[in-house]
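> So TrEMBL lists the following for this protein:
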type: DOMAIN; residues: 7-124; note: domain 'MSP'
type: REGION; residues: 128-163; note: region 'Disordered'
type: COMPBIAS; residues: 128-137; note: compositional bias 'Basic and acidic residues'
type: COMPBIAS; residues: 138-148; note: compositional bias 'Low complexity'
type: COILED; residues: 168-195; note: coiled coil
type: TRANSMEM; residues: 228-246; note: transmembrane segment
Amino acid sequence: MARPEQVLVLEPQHELKFRGPFTDVVTATLKLTNPTDRNVCFKVKTTAPRRYCVRPNSGIIDAGTSINVSVMLQPFDYDPNEKSKHKFMVQSMLAPYDMTDMEGVWKEAKPEELMDSKLRCTFEMPLENDKTHESESNKTVSSSTSSVKTEHPSLPKSASASLDDGEVKKIMEECKRLQMEVQRLREENKQIREDDGLRKRKVMSMVTPHSSAMATSAVRDEGLSTRVLALCMLFFVIGVIIGKLLL
């Protein structure tokens, strides 16, 4: 009696492709879909069980759902002249309504209740053109990334240069203003000394020698304090200019 047709939908249907290099584990995915209204038991078998690890290798697929089976090929020395003879088989059966033990169900299953689908395995190595294209793509990405990195720092430099020019103009204007201020202070100091001389002569003619000496000392101290103030102001201005130029 012929076996019933497979109710599960397999993706891919006929072939599992494993793409190298095979120096590490290579994984292919097999999708199993149950389009029926019944739960379906399944098993995944292979002709080379030592070369593959399958997770999950058995189970139940609920009605209207799907699962992904990971088929992991173990590392090996690839020979392009050797054709793969490895095959996989997906075996399935409708789950009984009163199922409690899945292993017992498989043991008691009748041949006419079992359905199966077979898949062959193929091994592929990346072509040299693919490797060259990938390396060129990586170089293009790295070069574009480096160009972006070099372009961005140039912006702050130009911005800082324009800021420096503006600062220089401000400092020059400040210097001119401070020079005018110093000149004004000098003129005021000169006027004060002239006024002090007139005041000194008036005091000398009006007071006693003792009072004259005290007045002369007071006038001298006032003129001295004015000059000290002017010199302090000049030093302060020079310090401000030097500080701004250093910044």
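Backbone N, Cα and C atoms are what each Cβ position is placed from, and that goes for glycine too.
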> In the domain 'MSP' (7-124), how many residues does DSSP put in helix, strand and coil?
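Per DSSP, the residues of the domain 'MSP' (7-124) fall into 10 helix, 57 strand, 51 coil.
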> What mean pLDDT score does the domain 'MSP' (7-124) have in the model?
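That stretch averages a pLDDT of 94.
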